[in-house]
Amino acid sequence: MLPVVVVHGGAGHIPKERAELSTIGVKEATRTGYAILLKGGSAMDAVVEAVALMENNPRFNAGRGSVLNVKGEVEMDAMVMDGRSLDSGAVSAVRGIANPVQLARLVMEKTKHLCLTAEGASKFARSMGVPEVPEESLITDYAKMRWKKNLEPDANPVECQMGKMGTVGAVAVDKDGNIACATSTGGMINKMEGRVGDTPCVGCGGYADNNIGAVSPTGHGEAIMKVTLSRLIIFHMEQGKTPEEASDLALTYMKERVDGLGGVVVVDPKGTWAARFSSLQMSWAAAQQGKLHFGLYRGEHFVEPV
């Protein structure tokens, strides 16, 4: 059953023309992560590379393609977690970085801290030789169009979520049985300047523990934080639930308790995985035993050779 990698490209309502490209994107990211695992690479290498690929893809709300804050600027959050040691690294409200997930990994590996924010994260990036990129290179015409639309006084928040290719993330178990997760996002459309969502918070925007499993979520950040969604799923798995059962329990709780929609990719140490969501859609893909699994709508599950 090992190795395995599972990837998501965000939950929400995706217009048809973008849905297809989003599915292509998650499949490509999954193949990339799986190739690393097959060569004996670590779960951490696999999830970071898979997520970085989606950050570079303008179809996703992470890295290039991130949604804009109320001032029309890009502020990004990302995190990684290593299931061996429970070490984690994150960045929040970071600007001018092409791959926040790689910076999050450097925070984990090169500092004693778990999370660096805004200008502090930028200074750290410079000290590590991470190239800064002009903000314009991260902004797409699509993001600009949606930003303008949502500045109008009669803007409809439901319409605002249309085309939301949310947060991207990945979970993996490598040949040695080590587990990791990574999550990256541009956040919420027209958010206040300095708003930070669930993504860089351990237990909310991701969790990985070799003894239990790993989770990477997507959806409404504030709702995810209120119920500490990732840790809640891990808790249910500790109680003996399968990844699928644990995911459904937690997503149902989030919907009933705080009226929040979202989705998750989850894996356990044996390689049992799940991709579950309460939103209309979530683009996801998984690779295991030479097969590529993927889907977009609820109940959808296609399989093809990797």
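From the backbone N, Cα and C atoms, a Cβ is placed for every residue, glycine too.
Cβ contacts within 10 Å of THR167 (active site, nucleophile), excluding its own Cβ and spanning all protein chains shown: 35. Look at TrEMBL and you will find THR167 tagged as active site, nucleophile.
Using a 10 Å Cβ-Cβ cutoff, ASP198 (substrate binding site) registers 30 neighbours. Feature annotation from TrEMBL assigns substrate binding site to ARG195, VAL196, GLY197, ASP198, THR218, GLY219, HIS220, GLY221.
All chains included, 27 other C-beta atoms sit within 10 angstroms of the C-beta of GLY221 (substrate binding site).
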